[in-house]
Structures are given as C-alpha cells and as structure tokens.
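Remarks on the structure that follows.
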Amino acid sequence: MRAHASVLHLDLDAFFAAVEQRDKPSLRGKPVVVGGVGGRGVVATASYEARRYGVRSAMSTREARSRCPHAAFLSGRFHAYRSTSRAVMEVLRAVSPLVEPLSLDEAFVDLAVATDPALGGLGIEEVTAFAEELRGRVHEATGGLTASIGVGTSKFIAKVASDLDKPDGLVVVAPGTERDLLRPMHVSVIPGVGPATAERLRRAGIHTVADLESVTLDELTSLVGRAHGTGLFHLARAEDDRPIVAEREAKSVSVEGTYDTDLVDRRLLEALVTRQATEVAARLRKNGLSGRTVTLKVRLHDFTTLSRSSTLPSPTDEAATIARLARTLLGDLIDQQVTVGGVRLLGVGVSGLADWVQEDLFGPDLLGTADTAASDDGDDGDEPADAEADDVVLPDRAERSWAPGHDVEHTTLGRGWVWGTGRGVVTVRFETRDSPAGPVRSFRVDDPELTPWRPQDDGGEEASDT
DNA sequence: TCTGGGGTCCTAGGACCC
DNA sequence: TCTGGGGTCCTAGGACCC
C-alpha cells in the first residue's frame, strides 16, 4: 500500500456492446447483447439497456432471450474490439510507461511513474482532475465510449473504486480511508473470492470484510488453504503491494469449442481435435513460442470436465506433433468408454512454453558435434549415446524426417512416431491397434533398424525417390 | 438442451533424486 | 529389514478472472 493514491484502474463500460452501438447507430439506446448466439452460448456483455431486463454477463443466451426478446443478439466482432482496445491502451501509455492490461477493456496505470506533465503531483485534487481529463481522452480516442475509473493506494483499492460509480464514473479513494471503505462490503469484493470461497466463508459466519478482518490467519488458512488464506488475510486489511507489471509472458495457449449437440463419433472427435491442434500450433508460431506439455480437455454431456496431458521431451510448435499427441490422449479416454454419453466440449492446449523454437534443438545437439560432447560431459559420463556422436550420419535431416511427430519404422517394433530428439538420440513412441499409447523407446539416430517411414516406402527396403 | 472461451494460480499425490 | 526429509517434475482437478 502506497502513501499516495497513485494506482489507477480503468474499465470500459459494457465494452463489446458499446462498440456495437458506436458502429451501428440504429442500436443506440437499445438493448444489445454480445455473446454466443448458438444453442449453448452465454452472454459476454449486455448493454445497460439490456441489463435493465435482468440480462447479465455469463448468463446463457437462452435465458437472456427470454428476459429480453427484443434485444439485438450479436456474436461479436473481435477485430473491432481489439483495435478499440489498442487505442485506449495507447492513451494510457502516453500517460505512464507502466500500464498493465487485464483484458481488452481493463487496465491498471501506475501514476507514480507517470510521464504526463498534466499530472503535477499526487495530491487528491490533482489526481482527480487528471483522471477526469483522462476519461475525456479515452472518450475521444474511442469515438465516444465511456470508461469508469478508480484511483487508490493499491490495485485492490483502485479496482474496487472503479466499480463504485459505474458507468461513466470516477472515484478516488483518499489514502487512509481504505479500511473504512471496505469494512461494510461483502467478502466477494475481494479478488479471488468467487462463489465457492464465499460459500465456505458464509458457512463460517463470515459475510463482510469486517467479519473477515476478525479471523486469524490460522483459521483462514484452514478454511481456504495456505496461499489463498494469506492473500485474504492481507487484502481484508487493505494490504496490497502487488506491483503493476507492464508485460507478462504467456504460460499457455489453448483452443476450445462447445458443440450444439453432444458428440460421440470417434472420427469426428479426432478430426475436431486435429483442427484445434493446428490452430494452437499456428498461434504458437505466430508468437514465436513452442511448448512441451499438450493438454486435451473434454467436457462430457453431464458437464463433468476432464483433462489429460502429456509432456514431450522437448518443446514443439508443430501441428503434427500436437495433433498426434492430443489424439492419443483422446483415444485413451474413448477406449476407457469415458465418452459414451457424448462430448459437449473439446479443447487442446499447450503449456510449458519456451520462447525458442524446435529448430534450435536440432543442429548441434542432435548431431552431437565434438564441441557439445566435450563441453557438457562432466556429470553425465555414463551416457553411451554421446560416445561417438560426431560420427553420426543423420539421414534426411533436411526433410526433417526425424522431427517430433514424424513417422518412423523399426525393423522389429514396427511403426511409431518421433516423440523427441536430442543428444544423438531419437525417442519413438510406438502405437499399435492393441495399445494406442504404446511403449516409448530411444534409439541412436544412426541405428540401422530405425528408418523414417513414408507411405510410398511401405514394406520396400530402399526407396530411391527423387 | 441451464452453464463460453481464453487464460492464471493453487493443491495434492506420486515418481524420482539426493 | 528400519526409516527421512526436501526438492523438483509431472498429472489431474478446481477456483477464479474478464
């Protein structure tokens, strides 16, 4: 907690709906609902006109339609939202170098390092006037959107403040008044207190922040766990030192989809997972990322949600690898009869991200040049694969036939696919009809029993194509 | 035909290593 | 032939946020 009210939180009002009303004058003053329009869609944003009919975010679109049948239901134009968001973030970054976007429509701004001369000092009046002017700049830069702003001595207080006078409001919480502000509020104002935590606290007789303040750290930890408990303990006292972080690295990339009917057909499920994996790979590449852990997410007809994950020995951004692994994980679930009642959602994600790509692993490591072999022994001298690594002739490297995801054939073990590479070794996963997630074995890359497999080679010994 | 999509963080247990 | 603790990695699930 700071001595001055120097943390600003900005929240664009009913953002998606407001962009639609801005771009389509016929929608102005009318109820607008943006979200999933399919049979299983939910509301992302409702305009204030629609909120008067009880339409809320996260409500099913079906329910929203019954509450407000005459509203305009739109599926959303994310390009327009993104570009409008960019314009807002630019306005904020012109004010201070420390801007932390939370989503397309929300951001924290650190006023303590503000570069804008309009903010002379951090006194209440100055900050208030400055924030008011900032709201005007955002209004102008977005073609008329309104924002609510909160300013306080911490992220927590700024965020609570921006919620107090919505829409189109401004609240500055004076230093020293934070605890009085929070005490009468329901515990759910605290970030991290959702339905489950609120219910646990309620059963313990804790409803307001004031109630929470009177609970010891030990009691709190036993109620909600260690990390969460200590967090709540401090936030209940308005103690919050979380810094504003301008850029954070992505930890995962995922694609998921909910289908209007529950799916059971194996080939359809596999095709959908393949498509999602391809999308994930494209997004990884676009951002120069690759990852090691592939996760398959499945939501069943009864809303039970399962996940299965598997970690590769080295990161990949290849669609073939991600798709294959995701299909293997799906196959495990199907074979266990888990999906018989139908699948409503499928998702594919990649985590364990590295900001370097597969090619980097390839050259020296796989070739095992004298340099690398000499430089990294020391503690792992008992690794036979390294022994004569510089003699290794790497077949078809130019075609990347040994890259993860590619098919190989072993003379006795049969068909498999490359699971990982490194240090002159190829790790192969063998799949058979009896055992789709078959054994994993490692081979030297010059093992004569292991050959890249191509459809036209099938059974032949030497394919002299091209 | 209640219940999206894209994320983050935490917990807990088992494997494995020292 | 009894009994350890810590650290790290991996997997699965859950809560939460916008």
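Yeah, the Cβs are placed from backbone N, Cα and C, and that goes for glycine too.
Feature list (source: TrEMBL):
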BINDING   A:D11, A:D105  Mg(2+) binding site
SITE      A:F16  site 'Substrate discrimination'
ACT_SITE  A:E106  active site
COMPBIAS  A:374-393  compositional bias 'Acidic residues'
COMPBIAS  A:394-407  compositional bias 'Basic and acidic residues'
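Around the Cβ of A:D11 (Mg(2+) binding site), the same chain contributes A:D105, A:E106, A:A147, A:S148, A:I149, A:G150, A:S162, A:D163, A:K166, each under 8 angstroms and 6 or more positions distant in sequence. The candidate set comprises the recorded positions A:D105, A:E106. Of these, A:D105 has the most other Cβ atoms within 10 Å. Taking Cβ-Cβ distances under 8 Å and a sequence gap of 6 or more within the same chain, the neighbours of A:F16 (site 'Substrate discrimination') are A:V34, A:A44, A:T45, A:G76, A:Y81, A:D105.
DSSP gives A:D11 (Mg(2+) binding site) a strand state.
Classification of A:F16 (site 'Substrate discrimination') by DSSP places it within a helix.
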